[in-house]
């Protein structure tokens, strides 16, 4: 029997928005400050998913955006023969103040071309479209209140969109409000009811999904008496934590499914840390005798393994050990695999032609910059993972460095650097940023020529190793480094992304120094972690 194994989109893939057009299913996920923006995924059976592209790519520039800002909660829908994608750009996150712009782009095909963006206003975030069967189009979203004496989450508002005029009506109506955090709204007309799907509790350990309904689009909406349709807030040992922020999709045979985010935490000293970020999961749902949405198993906990149906045919595609290699033989970096920070790297910064089989990175700003860092990144999909590459770099200054990096954001990263200073010459060292503190390990003398460099994740721990290019003997770099700090849950600030592996080059003098990156191999091992043991 075919089985859905959650997460269906592993690693940092939050805020899923699902859509079916004919026999094709599509999911859009948030990308925050990473480029290209908004990931699109495709399936024909709900079990096997592939990343197919990004609607916000060429020319899309988020330089200056803060960590965990950028593109939030895309909403994918289909109406009038076109795909619709709404998204928020969070430009400022400073206490009670948020500067947010919301946009709509449309396309005749999921592959584009996508239209120029229409500005939908700045009152809040998590905007989604409801296309009423009567032919009207509506936006439902979170209204944000910046006044410190008022609740920031001031309710869910509804406003009509006028596609012929490419604008909103300007008459927003608050249709729902309750104490606490309510966000991620989506509206559905099912039978005689309008169902309002809501993310509640904040996108952390208390996250969940609830429902309200009304016979009128404008309300009033009656909240489900059950606290949550979906949550694991009452099950801290459950493998899928933070379950919430969902959307519904109906199959051709009239079955309903709920897509949602969740995190698979690892443990350090008994505390949970979501290093992989928030991932995408899928649950079977039904409507009970009173017309309320329920998980098909009758409970409220997310399931790791969900049977697709009652049929005996079909393969059980449980995720196993897997990996990939990029030998940089293509003419461009594959955006389905690689991400950059805030904007694309120009060809002169990421050069695939200068040395065949190598990526030449021209050094950029420091890891503290919100502008021009020179770094390529790929999502870490499992708690056991490795990243291996070759590096040919000849730094002549401590302001020149390159090497593999485990990256969360500007305040959380761990890198094995190849660098230089007059005292030690060319050498290796581990540099770690944790909040406002940077630490550096003792230098390791590095021989001339290309080096092979490797990092390996094992739950909460990260280790590095190196070898000369012609050697088969790996030399461990002393130290076990705290990968658990590279997580949503470490530090005082709100953090919403996930762990990446990658490689970067820094040239703090801006003189055009370059480093050559050889073939990259990434491996993942999906062995399930036991949250009852202490890491």
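Including glycine, each Cβ sits where the backbone N, Cα and C put it.
It should be emphasised that the depicted structure is a prediction, and the values quoted were computed from it without experimental measurement.
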Segment assigned the feature region 'Disordered' in TrEMBL (from 262-282, 283-303, 304-324, 325-345): 304-324
DSSP-derived class (H/G/I helix, E/B strand, else coil) of residue 15 (active site, proton acceptor): coil
Model confidence over the domain 'Beta-xylosidase C-terminal Concanavalin A-like' (326-519) (mean pLDDT, whole number): 98
Residue 15 (active site, proton acceptor): tally of other CB atoms within 10 A of its CB: 31
Neighbour count (Cβ, 10 Å) for residue 183 (active site, proton donor): 23
